[in-house]
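Enquirer: Below, the features straight out of TrEMBL:
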- GLY80, ALA82, VAL83, ASN87, SER318, ASN350, LEU415, ASP418, SER419: Na(+) binding site (BINDING)
- 130-157: transmembrane segment (TRANSMEM)
- CYS169-CYS178: disulfide bond (DISULFID)
- 232-252: transmembrane segment (TRANSMEM)
- 264-288: transmembrane segment (TRANSMEM)
- 308-332: transmembrane segment (TRANSMEM)
- 344-369: transmembrane segment (TRANSMEM)
- 403-435: transmembrane segment (TRANSMEM)
- 447-465: transmembrane segment (TRANSMEM)
- 485-502: transmembrane segment (TRANSMEM)
- 523-541: transmembrane segment (TRANSMEM)
- 561-580: transmembrane segment (TRANSMEM)
Amino acid sequence: MEKSSLDADCCALNTVLVEEKRGHLIPNGNAHQGVNGTLICGPISAATGAISSAAAEKKKGYPERETWTRQMDFMMSCVGFAVGLGNVWRFPYLCYKNGGVLPNIAIKTNINKTEKEIINKPKLDKIFRLGFASMVIVFFCNTYYIMVLAWGFYYFIKSFSSTLPWSTCDNPWNTENCIEIFRHGDCLNGTIGNSTFGNLTCEELANGRSPIIEFWENKVLNISDGLDEPGAMNWEMLLCLMAVWVMVYFCVWKGVKSTGKIVYFTATFPYVVLIILLVRGVTLPGAYDGIMYYVKPNWSKLGEAQVWIDAGTQIFFSYAIGLGALTALGSYNRFNNDCYKDAFVLAFINSGTSFFSGFVVFSILGFMASEQGVDISKVAESGPGLAFIAYPKAVSMMPVAPVWAALFFIMLLLLGLDSQFVGVEGFVTGILDLFPGKYYMRYQREIAVAICCLLCFIIDISMVTQGGMYVFQLFDYYSASGMTLLWQAFWECVVVAWVYGADRFMDDIARMIGYRPFPWMKWCWSFITPCVCMGIFLFHLLNYKPLTYNNVYVYPWWGEVIGWCMALSSMLCIPVSFVYKLSGAKGTFRERWEILTKPVWGAHHLEYMAPDTDIKSLASLSPGTEENKVIIFESVM
């Protein structure tokens, strides 16, 4: 092609040289250099208006979008959000329940391959509004998840005493049924006399209540008889709730510049505590039996549908898929950030943390089972039952118990804290992105974060009453449950692979990172992941059971209605938006579909767009090749 014809098609816009793993901007005049050093250019009339508009906003003094100071800030934030309480209290329990750690890792490996790239989805559609659904889910999650931090903070404060308050039965909240240490086997064998426990029979002793259970239910929760009995406010818990919300606010209020620094501590210190707890745990009697119970495989479990269901839902909780927070974090990256590599690194760290946490948890549970003379299945718990009953009880049996209790709960607090403030960051980012630059005002981020935190705090007040646990469980079971996340992930795959186009999405990633992802990813987006998501979703729906508390209290019908309203508030965003947008457009159905599904490129996208001929040439490149390490030049379309 002659140089004169290039000049005719090109304008005076600067383009960018994109080196692998870097973001250097190098002006190159009017001509655009391709992968092999050839000059290429495409029509840019479509970009002129958008770029001019962006330049006009910048000229008016609107601030540019923040970016991460370092790439490591982004990765640590992703790790802090995705690696949370579920890695410590849910994955180990599922391993015990479903045949040991090895079958579960095999399942997680298969499902991970289908899910990794979902965390990097861009804003692609104007008709389904997936972002709205994600924001509803993450709002609910931010609202109730922080209660776990408030409970953990309360336990942490109570750990600073010579005798842990949940280790004895001489407290005001204890009942006459409280028994500190009781080995049922010794009672049946006649090793201990019943006079030790008030001449009660072995059967009556077996129905006794542990001091940790009474501390949890009578002191921390002060639980009422049902959802319809909210009861009085727990002022101590209200202060703890207020304290953790203040922590979250000051972690988020200045944006990713400050968040990226805080997560270096909140995301790494829990690993230090886990290592300390593991060293302590493996030295305790019974630890070996607990660890063997954790790792001993039962391969026959792989044939059970429930095992795959549990593993699938654990993936969604563990990797925060469908919440939109990881997408919000990714929006602060530079354009040429290698999101493909980041997905693999995050998956490895997340699964590795879950695997490692299992050794910590089961070494302690093995010790507790040994001390009580029962099988480990009798002490294995999941969720709050592990964090606030089983583990504190085990800690109370150790020498220097307050030290180990404080370490455990500071780890719990930090694990949850970074997940919480990154979730708030994702929600606030979505809200602020709804408003164009002309609505910019000073301190808008600080105000938006304050409003978000205050609104969630007001809702949370209902969870620090005597009936608060019932409200918490209602949020947990419906608002951000497996069903809502599966539904969200299914539509994400459909939109990316079938509406926007899997091949086009692969091209977009190639523009960003300089090479095309492994073709397996396209098949995952198109077939495997949506089928897995819909299959598990239908299984959940067909096997739906009304919500209960402790398998005893059944929620009233109106409580279930409230729960389903929370679930549908996010799930209906997608079909309702689809019908509304389609019915409001003009023309035939085909014309409406084409208009509504046509991508809208912003100036920041158009600046980096390259002709299709350049993108196709990237198909032969792979990470680490010499051609990829030279340069990839991207022109404006």
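Here the Cβ of each residue, glycine as well, is placed from N, Cα and C on the backbone.
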Enquirer: Around the Na(+) site formed by GLY80, ALA82, VAL83, ASN87, SER318, ASN350, LEU415, ASP418, SER419, which additional residues qualify by having Cβ within 8 Å of the site's Cβ center?
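Expert: Residues close to the Na(+) site, other than GLY80, ALA82, VAL83, ASN87, SER318, ASN350, LEU415, ASP418, SER419: VAL79, PHE81, GLY84, LEU85, GLY86, ALA267, ALA320, THR353.
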Enquirer: Under 8 Å, at least three CB pairs between the transmembrane segment (264-288) and the transmembrane segment (130-157) (pairs 6 or more apart)?
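Expert: Between the transmembrane segment (264-288) and the transmembrane segment (130-157), contact is absent.
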Enquirer: Have a look around SER318 (Na(+) binding site) and count the other CB atoms within 10 A of its CB, chains all included.
Expert: 23
Enquirer: For the transmembrane segment (447-465), which stretch among 130-157, 308-332, 344-369, 403-435, 485-502 has the most Cβ pairs under 8 A?
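Expert: Most Cβ pairs under 8 Å with the transmembrane segment (447-465) come from 130-157.
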Enquirer: Fewest other Cβ atoms within 10 Å: which of the recorded positions VAL83, CYS169 wins that one? Let me know.
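Expert: Fewest other Cβ atoms within 10 Å, among the recorded positions VAL83, CYS169, is found for CYS169.
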Enquirer: Between the stretches 130-157, 232-252, 344-369, 403-435, 561-580, which wins on the count of C-beta pairs under 8 angstroms to the transmembrane segment (485-502)?
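Expert: Stretch with the highest Cβ contact count: 130-157.
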Enquirer: Looking only at CYS178, LEU415, which of these recorded positions has the biggest number of Cβ atoms within 10 Å around its Cβ?
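Expert: That would be LEU415, with the most Cβ atoms nearby.
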Enquirer: Given the binding-site residues GLY80, VAL83, SER318, LEU415, SER419, find the one whose Cα is closest in space to the Cα of CYS178 (disulfide bond).
Expert: LEU415
Enquirer: Which residues of the chain, 6 or more past the ends of the transmembrane segment (232-252), have a CB below 8 A from one of its CBs?
Expert: 146-147, 149-151, 153-154, 157, 220-222, 258-259, 262, 413, 417, 420-421, 424-425, 428, 449-450, 453, 456-457, 460-461, 464-466, 468
Enquirer: Using a Cβ cut-off of under 8 Å, list the residues of the same chain at least 6 residues beyond the transmembrane segment (344-369) that approach it.
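Expert: Distant contacts of the transmembrane segment (344-369): 75, 78-79, 82-83, 87-89, 91-92, 95-96, 101, 105, 108-109, 112, 116, 119, 271, 274, 277-278, 281-282, 284-291, 293-294, 318-319, 375-376, 378-380, 386, 390-391, 393-395, 397-398.
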Enquirer: What's the number of neighbouring CB atoms sitting within 10 A of the CB on GLY80 (Na(+) binding site)?
Expert: 28
Enquirer: Measure from the CA atom of LEU415 (Na(+) binding site) to the CA atom of CYS169 (disulfide bond) and give the result in Å, rounded to a whole number.
Expert: 31
Enquirer: Could you list the residues of the same chain, at least six apart in sequence, whose Cβ is under 8 A from the Cβ of SER419 (Na(+) binding site)?
Expert: GLY80, PHE81, ALA82, VAL83, GLY84, LEU85, TYR145, ALA320
